[in-house]
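Down below is the structure, laid out as structure tokens.
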């Protein structure tokens, strides 16, 4: 249990209910979920809340296009969103919708309090009106030429080319994005929130530590420009909540959207009577509230939202944490390149734990954009999770099960355990401050130490000697205890792996239990916990993303797909590229002695571009082999693996040393090489027949 239990409410921005979740969205939900899981792991009371943002003109128009009622469409999208999040192991405590009774009541309550307190003004404005559709046009439904830089085809609120903001009436040659008609000006009465009245309060709050420094600096620019009255009104037809005492007038979506955080929590409180809504949202609340958002919506969350809360008698959030955008392979996500990847498309091909880890490994507390480099993604997951983390257990657990009754030994030398536990507070601080990348580097550095310990001790050699049985038991038990500590550290990031490891150890992994004495503890037989990322699956995901676009655009599916992962040169017809060799007789083949070998150690060779130096255990002896697989594997990917070698190949003297055999690999070369990996039941020294 945590020393001092905190009460925490944490939210992610509400996804808009007019389309699917994609990998750009997933960055935020993974970031927030890791933080929420960490808080719970430390024993704090933490509630992770979200909802669909379900109002606005875009939803109304899309529902019309689909021939659905808006309520029907948002219900379908909500179901899809929740399934995608669940399959990515995003553990919301409540997921709701802004189109709810709770949100309607709270939005009206906040509006009426603001009106009573004198913060709502009414005035007549002239607005663009679509004469063909008989509707007023929101900013994003007017397009024209930017009045500042003269770039064409820009939205009615800001220019993507120069970043300028303006009103739709300032556009040059405006057109309705709904019908294409030239809009006309029409007068209408709108209600405005008096944002300038909160300038002093907002300047103090934005510099209180509630925002990252970069965001606080950006807000200073907006303060210098002067805060403006905020139009919170939209005219019918509109899908949203009608404003009290104003028939035909609706709340602008950005008024009720952040109130959706409160609405979702109220819904949770109604389901769990022990929870108090006021304990988290009252002005004198001692609980903590944190919002995780993208950098594109900072203005709403750091100016309008805290001002609305303050003006209506509610508390402000402790912090608003913004993150950057996701790029793929160094560029903006692209539908034509297949890098605009939907969450569901990813899930059809790859393990969600892979992306959770990769995002965590690259996330910091800053607002920098994050690049999902698909080649680096595969290499990092294979190296860190498969080659370092899971490999630590896979190469030692079998000995405990088969030779030591499945029970761990009392560890005599606890030096490594103490070193691992000494990193506990540092890793905790990294999680708390959202420096996940630093936490992952710290954890993987420990994994390197643990794997080096196992490689140096070589328990697979010890078990062959009668007088080394206890030493082997010690080494394997020590390694598994270190593995347990590592996975506990990673539990917020890899919840599914943590569950598998909990089943393996037959106990729950807890932060407070990190230092537990595991002597005599019985483990379950080890089962494979994570597979390598194969580039063909990554390529298939990218190809499917293109195919989805082609279907949407009604492009023939027979179009030849572009190459996906740039480093991949794998032919779909290997026999054409590399025909079968001439026939040999059996006697010639029988001369080749193929043996199972375990890669005990792998290291780079100085001044060699293609070679790795391998130390191979073939049962009764150790061989040194230089293998031309550097372009496909990192040394840490290989250590502990079983492979196949030619054991009776004449030694070859090389500039770097003597090579005493050859390991077998398949593939055309470059990064497209795969060493042969026998079934785990094979043992070093066994002959391949």
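Heads up, the Cβ atoms here are built off N, Cα and C, so glycines get one too.
Long-range neighbours of residue 149 (Zn(2+) binding site) (same chain, six or more residues apart, CB within less than 8 Å of its CB): 159, 161, 162, 164. Positions annotated as Zn(2+) binding site by Swiss-Prot, on the basis of sequence analysis: 146, 149, 159, 162.
Taken from Swiss-Prot, the feature ATP binding site applies to 335. DSSP classifies residue 335 (ATP binding site) as coil under the three-state reduction. There are 15 other Cβ atoms within 10 Å of the Cβ belonging to residue 335 (ATP binding site).
Each residue in the domain 'tRNA-binding' (588-689) gets a DSSP state, and the totals come to 7 helix, 46 strand, 49 coil. If you look up Swiss-Prot, you'll see 588-689 marked as domain 'tRNA-binding', on the strength of sequence analysis.
For 15-25, the entry in Swiss-Prot reads motif ''HIGH' region'. On the 0 to 100 pLDDT scale, the model's mean across the motif ''HIGH' region' (15-25) is 97.
Marked as motif ''KMSKS' region' by Swiss-Prot: 332-336.
For the binding-site residues given as 146, 159, 162, the lowest number of other CB atoms within 10 Å of the residue's CB is seen at 162. On a Cα basis, residue 146 (Zn(2+) binding site) lies 26 Å away from residue 335 (ATP binding site). Cβ proximity to the Zn(2+) site centre (mean Cβ of 146, 149, 159, 162, cutoff 8 Å) flags the following additional same-chain residues: 147, 148, 150, 151, 154, 160, 161, 163, 164.
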